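A.B. asks: Sharing the features that Swiss-Prot gives for it:
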- 13, 16, 84, 100: [4Fe-4S] cluster binding site (BINDING)
- 40, 41, 42, 54, 80, 155: uracil binding site (BINDING)
């Protein structure tokens, strides 16, 4: 199984109700050998049109956050908990998230084998932490998931609604957080392709 083959399979997914309203499947994009993987919640309107993750206003802000920290977007792999746009941009429902992560995200993680995962927002953080969480309480802290470092951060869409840069504001905290991610990235040794612990619920073939 390759990432390209997995992406091709995802284009015809009918596993949950989200397929009914989608225009495009938004599988993910970036470096298939990335050390850093960023996982959002779900595609928005612009992403649904283009088939690419984080290309709308939140994505443009994410680009600026990465650039400010000296992390080239093309070196990162970016995807979402669900690959199809939820109606009215609502958060994915638990059953939708479970179906999509079991079918696609876990396999993406196995194939890419990132060393750091940054979940953006509560829905993504809850998947990796395994419980209902408040993003304000878990952001900016290191966790471990199947041997991979996990560092939750605010979703850029939340930052757009809270534009203040004052000390202690979400934007200020995000600036501190992304610098911590950059320090951790810089401290990693050159990545070697290695077998990782199986995390998917289904075979890879």
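Cβ atoms here come from the backbone N, Cα and C positions, even for glycine.
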A.B. asks: Give the sequence-ordered set of same-chain residues, not counting 40, 41, 42, 54, 80, 155, with Cβ within 8 Å of the centre of the Cβ atoms defining the uracil site.
C.D. replies: 39, 43, 44, 53, 58, 81, 120, 121, 123, 124, 157
A.B. asks: Ten-angstrom check, please: count other Cβ atoms within 10 Å of the Cβ of residue 84 ([4Fe-4S] cluster binding site), all chains counted.
C.D. replies: 26
A.B. asks: Residue 13 ([4Fe-4S] cluster binding site) has how many other Cβ neighbours within 10 Å of its own Cβ?
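C.D. replies: The answer is 18 other Cβ atoms.
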A.B. asks: Determine the minimum-neighbour residue: among 16, 100, listed as binding-site residues, which Cβ has the fewest other Cβ atoms within 10 angstroms?
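C.D. replies: Across 16, 100, these binding-site residues, the one with fewest Cβ atoms within 10 Å is 16.
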A.B. asks: Counting across all protein chains present, how many other Cβ atoms fall within 10 Å of the Cβ of residue 80 (uracil binding site)?
C.D. replies: 30
A.B. asks: Run through the Cβ atoms and count how many others sit within 10 Å of the one on residue 54 (uracil binding site).
C.D. replies: 27
A.B. asks: Given the binding-site residues 40, 42, 155, tell me which ones have a C-alpha lying within 10 Å of the C-alpha of residue 84 ([4Fe-4S] cluster binding site).
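C.D. replies: Near residue 84 ([4Fe-4S] cluster binding site) by Cα: 42.
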A.B. asks: Within 8 Å of the Cβ centre of 13, 16, 84, 100, which other residues of the chain have their Cβ, at the recorded [4Fe-4S] cluster site?
C.D. replies: 15, 18, 19, 25, 82, 83, 96, 99, 103, 104
A.B. asks: Cα of residue 42 (uracil binding site) to Cα of residue 16 ([4Fe-4S] cluster binding site): how many Å, rounded?
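C.D. replies: Per the Cα atoms, residue 42 (uracil binding site) and residue 16 ([4Fe-4S] cluster binding site) stand 14 Å apart.
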A.B. asks: If I restrict to non-local contacts, at least six residues apart, and a C-beta distance under 8 angstroms, what lies near residue 40 (uracil binding site) in its own chain?
C.D. replies: 53, 54, 78, 79, 80, 81, 120, 121, 124, 155
A.B. asks: Given that the record lists 40, 41, 42, 54, 80, 155 as binding uracil, what is the largest C-alpha to C-alpha distance among them, in Å?
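C.D. replies: Value for the max Cα separation, rounded to a whole number: 11 Å.
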A.B. asks: Would you kindly give the Cα-Cα distance separating residue 41 (uracil binding site) and residue 100 ([4Fe-4S] cluster binding site), rounded to the nearest Å?
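C.D. replies: Cα-Cα, rounded: 11 Å.
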